[in-house]
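The next block holds one structure in the form of structure tokens; read it before the comments.
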């Protein structure tokens, strides 16, 4: 039996669960951050001397605030960790186990594929796993921040598009609140009915057009520079460059096929050969440069979107506003005046 005194505590718990889920949905970098946290913990445990199986078993993805709420993404991420721990304990391929678990649990973070590729590269090249995972965790943190900044830059234009699309509907309601028979005109007058059909069509087209523009601006090449990070990992093992490139190419084809045809590292390799500089350091510097370029490109797309959204606004939404909000108001005034005169 629940006591009345328990109500505030239960309400607070429910609010915390709802708030956490809303934040998870609203945070575009959250899925990548969860994998980054797991990668950091794995690196620390491996550095402390734990075997891979024991390290995976001790990875805890529960929130730092001690909360017990779980959404589908949290549970599926934990299932990926469990699959990797089981594979490591049985001596099977951890990378393949992560890939299978990620494919069978739709809500799991796509960034598990990046960790799977890195694990496969380190395993095939014989690179120091703890150091490789530590470097990868930093790259994943940067990737998560990049996605957050891109989403923040697009938030303003996207919100403006939603607000403007609601103006025709607001105009209809506002006219009715003021006492004008705008709804009656739209549904009971032949001219008003024509305004309703054409205005609704224009509003639908304008809304879809705006959403498509926002979606195109939000679309960006994922995981900028990760392929260079993987090549740097392979080279830290002391393996030859051709073998390292072959290992990375195989890992990309298996776990990150969208990056398999990415930009070549040849310019960086030529620079390292001319200068006699460490190739791995130059590759990581180039990966950071590409992430910075992706961040700048996202800011440019967001700024351009704010201007381009004026096209559906002027061509569709404003005419719909006139047809649905202004024209019925004028028709209502005119018919009311003429009816009163008669």
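Cβ atoms here come from the backbone N, Cα and C positions, even for glycine.
Quick look at what TrEMBL lists:
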type	residues	note
DOMAIN	79-174	domain 'Type II secretion system protein GspF'
TRANSMEM	114-140	transmembrane segment
TRANSMEM	161-180	transmembrane segment
TRANSMEM	186-206	transmembrane segment
TRANSMEM	309-331	transmembrane segment
Close approaches to the transmembrane segment (114-140) from elsewhere in its chain (Cβ under 8 angstroms; 6 or more beyond its ends): 32-33, 35-36, 38-40, 42-43, 46-47, 52, 93-96, 98-99, 102, 223, 225-226, 229-230, 232-234, 236-237, 239, 243-244, 247-248, 250-252, 254-256, 284, 287
Confidence summary for the domain 'Type II secretion system protein GspF' (79-174), mean pLDDT rounded: 88
